[in-house]
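Taking it in order: structure first as structure tokens, then the write-up.
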């Protein structure tokens, strides 16, 4: 099978990005080979090489180009995946650095690209052949992110990710973020995922068939983004009890908040949690740690309340006083349905005071 050469620029310029029509031999799905004038907008089924070699079909060509243009690949041992990202202008917030939602989206993106690179589904989030056959999907059960230095617009971030088994009911995925310019670790994250039946919306244990399909791509020995004992990612999140100190009532999912699994994407919950953070904290502090436990999925027609209470030594207290002094503030969060109060998500955040300029 002919593959496109490593000189991607020459190939792209000579075929896809030429402003004038170019001659190429085209194979349609229903006709014999013939010469035709092809523009970039013309439907292409396959390309025959100039030396009349074998056919590169459309999906293979596009897949190869996507892989070549994407700045990511499996590591040498094949047990993890690394990808570089340039922070875009629309991914930064008022601090002129990437938002936590941007970071969470990049984590999800590199996780999905890792799954695709080992041959898992492109029409779902890392579903294996057995999962697709049984209508099973992965859903987030817990997400823990720690950011030590937020990248700015134009910075290049490298993210490494890998997955491992997590008991009989799920799997875990970890990430390490690095600043390409300095090599410094700028963040770490870990997550737990469980299987859900896409038709019944009920959780299901991970079968041996599914486990065998993905374990071959996992480290044989445990590898943790947070190897420290008693690290924050292991802490249990208590439920926030009424009355909350701060709230944002009546949040509604947008159509754009739904993902390909037909429920609100897990990154949207982060934005909802932050909606009830007091403005004085947002102005003077920077989010360093966020942990979320996902209790139930949220649908498009749901209405959500975001509740927040500051934690000082495990009790309610002033929003500007943290558990470890005036430089830190920690909060307990709850997302619940506005109607019947069903719990959707519980979380904690840790904020560090911004350095004075």
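Glycine is treated like the rest: Cβ placed from N, Cα and C.
The stretch that TrEMBL tags with region 'Disordered', taken from the ranges 307-326, 327-346, is 307-326. This prediction places the mean pLDDT of the domain 'Acyl-ACP thioesterase-like C-terminal' (242-353) at 87.
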